[in-house]
Amino acid sequence: MNKTNKISIIGSGAMATAMAKVLYDSGNTNIFIYGIDEKELEDLKIGKNAKYFSTDIKLPSFNTTKDLKIALDKTDYIVLAIPSIFIQATFLEILKLLNSKVLVISVSKGFYPNSFLSIHEGLSKDSKSNEFVRGVVTVTGPSFAEEIIKEQLTTICAVDSNIKNAQEVQKLFSNKYFKLYVQSDVIGAEVGASFKNVLAIFSGIANQQGYGINTLASILSRGLKEMKLYNDKVGGKLSTLLGLTGVGDLILTATSPLSRNFSFGKEFVINKSKALETVKTVEGLKALENIYRSNKKYGLDLPIISSLYELIFENISLEEFKEKIWNRTLKSEFE
């Protein structure tokens, strides 16, 4: 790995900007950012991104372009940092333009569009026959772009069944404030990434209704039980759920107003119609839908998932939602 290798970041939003800074601070000097928002790209050229971060925060000056072909020309690494609803269409365009061997790195969360596939699975499937793609690595774990930019100490994971690829990404990103661990359990990591967004919606709802830490602890622990049941069924490892991509990301996402999913839950209580207008950027909604539908064939007892689905997609009332969650049969904790 050479620190002058070209890195193409796809996206110019908050997380894309944070990843660009991390990579720069890790000694990488040849970074190109592709985006479609002219103002964001102009800002990034002069060391800021005012749409997402305070102008008091000074960033490196980056090469930017609205031309995907220029961004990808003779690149070595592609970092996908765009909303999941756009990722497949964008990736299929990328595959047509490649002219060099690349390692694809995804920091996008959620499911592959119009499928039950995780993003990692979808990217791997679509690039399987492409001669230029040498692998796909998912970078995931507890991290808000707003804190990464401020160089808050952050640890997440590089995940791939090919550990050498994961280790390569680990070295590419790690620096004095941003540290990657490697792991090979793609399934478990993706289950954690999906479930934590769903549970963050629930915790946001509870928070807005005035419930406190007792309730939050119940949501997280009972939600983790459902996450484990689902993870066991689809073949993930328990150890993964107990690590950064499971419990770690759950604590972050389900307890902070910086989380779009937590904020969606709060807004849902205040103004449901307005909240649902943000559906494209709330990854937990698609995750909820996919987990609920896939569980139709598994038949697992997932009361949080089923009740939350009925609340958001089948319009039961908040009071009915509470009754479904709370008034269940008394039984042993681990039944």
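Backbone N, Cα and C define each Cβ position, glycine as well.
Within its own chain, LYS196 (active site, proton acceptor) has GLY246, ASP249, LEU250, LEU252, THR253, ALA254 as residues 6 or more apart in sequence whose C-beta sits under 8 angstroms from its own. The feature active site, proton acceptor is assigned by Swiss-Prot to LYS196, with sequence analysis given as support.
Residues annotated as NADPH binding site in Swiss-Prot: LYS109, ALA145, ARG260, GLU283. Look at ALA145 (NADPH binding site): DSSP puts it in a helix. Other Cβ atoms within 10 Å of the Cβ of ALA145 (NADPH binding site), summed over all protein chains shown, number 21.
Taking a C-beta cut-off of under 8 Å and a sequence gap of six or more, GLY141 (sn-glycerol 3-phosphate binding site) has these contacts in its own chain: THR155, ILE156, CYS157, LEU244, THR245, GLY248, ASP249. Residues or ranges marked as sn-glycerol 3-phosphate binding site in Swiss-Prot: LYS109, GLY141, SER143, LYS196, ASP249, SER259, ARG260, ASN261.
Around SER143 (sn-glycerol 3-phosphate binding site), the same-chain residues at least 6 positions away in sequence with a Cβ under 8 Å from its Cβ are ALA18, THR154, ILE156, LEU252. In this structure, SER259 is the one among the binding-site residues SER259, ASN261 with the smallest number of other Cβ atoms inside 10 Å of its Cβ.
Neighbour counts were taken as the number of other C-beta atoms within 10 angstroms of each residue's C-beta; across the binding-site residues LYS109, ARG260, the minimum falls on ARG260. The separation of ALA145 (NADPH binding site) from ASN261 (sn-glycerol 3-phosphate binding site), Cα to Cα, is 15 Å. The CA atom of GLU283 (NADPH binding site) is located 11 Å away from the CA atom of SER259 (sn-glycerol 3-phosphate binding site).
In three-state terms derived from DSSP, SER259 (sn-glycerol 3-phosphate binding site) belongs to neither a helical nor a strand segment and is classed as coil.
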